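Visitor: Quick one: this structure, given as structure tokens, is what I'll be asking you about.
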Amino acid sequence: MPVPPTAADLARRVQSGDTTASALLDATLNRIEAARNLNAVVSLNEGASEQAGQIHRRLAAGEHLPLAGVPILVKDNISVAGTRTSCGSKILASYVSPYTATAVARLQAAGAVIVGKANMDEFAMGSSTESSAYGPTLNPWDTGRVPGGSSGGSAAAVAAGLTPVALGSDTGGSVRQPASLCGVYGLKPTYGRISRYGLVAYASSLDQIGPFAHTAEDLALLMNVLAGQDPLDATSLDAPPAFAPGTPEDLRGLRVGVVKESLAGNTAGVDATLQTTLDALRGAGATIAEVSLPELKYAIAAYYLIAMPEASSNLARYDGMVYGARVAGSDVTEAMTLTREQGFGPEVQRRIMIGTYALSSGYYDAYYSKAMKVRRLIANRFAEAFGQFDVLVTPTSPFPAFRRGEKTSDPLAMYAADVDTVAINLAGLPALSVPAGFETVNGVTLPVGIQFIAPALQDERLVRLAGGLEGLGFVKAGVAPGY
Ligand code: GLN
């Protein structure tokens, strides 16, 4: 699987005058057009061509542009001034962002060109990108299968080589799981590492923006631009980024804990990929031991009892009065009711109802407040494990890409796709899905990702580890066959 020109390659070529940002933008638009069947991209940025045209002048003026001319897609819940931010929802079909997210502003300041917006599950609620009001995104490895979600458009775009890198958001796994199902890297940073200003809120205490890429070098390049404190996001952390891709030397003596609770219920290909990953680490001088985190069995329940209440409160703003679509009614109540009934899809409505219920008096203590206690226990258990281990490892997903339609009628089966990822958001930790292997299903090769988890603010360790695995020739990144 060839790795296409990376963001680092493209930036070097633009910096050296070997190509221009405008030429890269044209080539990207052609690839997006040729791959329209994937439905990975929901809108294009009309300002892109002007921005690309400026890069040459900015370089000539001596500006430092580490991402000079690099074309980037961002998930459609991340604001770019003047472009539509639909969040995969009908209710925001005509909403144009009046301002730009800090993460995007930082990319643009570094010379990147935002090409357009990537498809997603409605309001980032889902694991398959099938709940988008703009139709499902297809997995480039097998178009009969889902790319994962909710950032499935971003993952599929990078896997199909439309752009070398993309941004997604991860509330319970939405960067890592689609990265795993599409065979690319996906990083969920420590909560607070990247500003959430301009990211449309789903569950504010869990949401983080994160990058997709084919190489550790690109992850480092992006994170050094994206991470950092932002006065516009009070939860952003003052932790200046120092990312660099590592070498196999970084793996020597690394203490790796294999999470026991993640070993059951995986497909044979996922089990085999975990074993080859552990063998590679052992061969490079890491020490491997199992560790049990018993509270993880409550992670899915606690996650949904926290994410849905937060969503029910965050989504109250879509009442047809200020944002997006409005359906007329005979009075204000009817107008709001009709707007929300017709504007939101079934999964979003389900979550608003369950979330409101879990917060209501009489049930708050039984559900929401209990889930918050479990959240604390899970965070404490991770902290304890990191007394013994430098990183923890699990599969990213118990299975490779599943068929479209396979889980759409069973919400609990869809929620269970996140069994290995949600606890990390509850604890606020950084985690990286590494493309580590393949599983052949009915003669079709499907990617398998392995998840590494680090202590809070040790995101850099994950990117070093990835570089180490690449140095061993172990990482299976690259575009899907045929792209
Ligand atoms: N699938 C999980 C959910 O539906 C996670 C989604 C996400 O990380 N945005 O909530």
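A Cβ is built for glycine as well, from the same backbone N, Cα and C atoms used for every other residue.
Source: prediction; values computed, not measured.
Relevant sequence annotations retrieved from TrEMBL are reproduced here:
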{"type": "ACT_SITE", "residues": "K75", "note": "active site, charge relay system"}
{"type": "ACT_SITE", "residues": "S150", "note": "active site, charge relay system"}
{"type": "ACT_SITE", "residues": "S174", "note": "active site, acyl-ester intermediate"}
{"type": "DOMAIN", "residues": "24-462", "note": "domain 'Amidase'"}
Visitor: Can you tell me the mean pLDDT for the domain 'Amidase' (24-462)?
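Guide: In the predicted model, the domain 'Amidase' (24-462) has a mean pLDDT of 97.
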Visitor: Look up S150 (active site, charge relay system) in the DSSP assignment and report helix, strand or coil.
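Guide: Reduced to three states, the DSSP call for S150 (active site, charge relay system) is coil.
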Visitor: Is K75 (active site, charge relay system) helix, strand or coil when read with DSSP?
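Guide: Looking at the DSSP assignment, K75 (active site, charge relay system) belongs to a strand.
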Visitor: Rounded to a whole angstrom, what is the C-alpha distance between K75 (active site, charge relay system) and S150 (active site, charge relay system)?
Guide: 9
Visitor: Take the C-alpha atoms of S174 (active site, acyl-ester intermediate) and S150 (active site, charge relay system) and report the distance between them in angstrom, rounded.
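Guide: That comes out at 5 Å between the alpha carbons.
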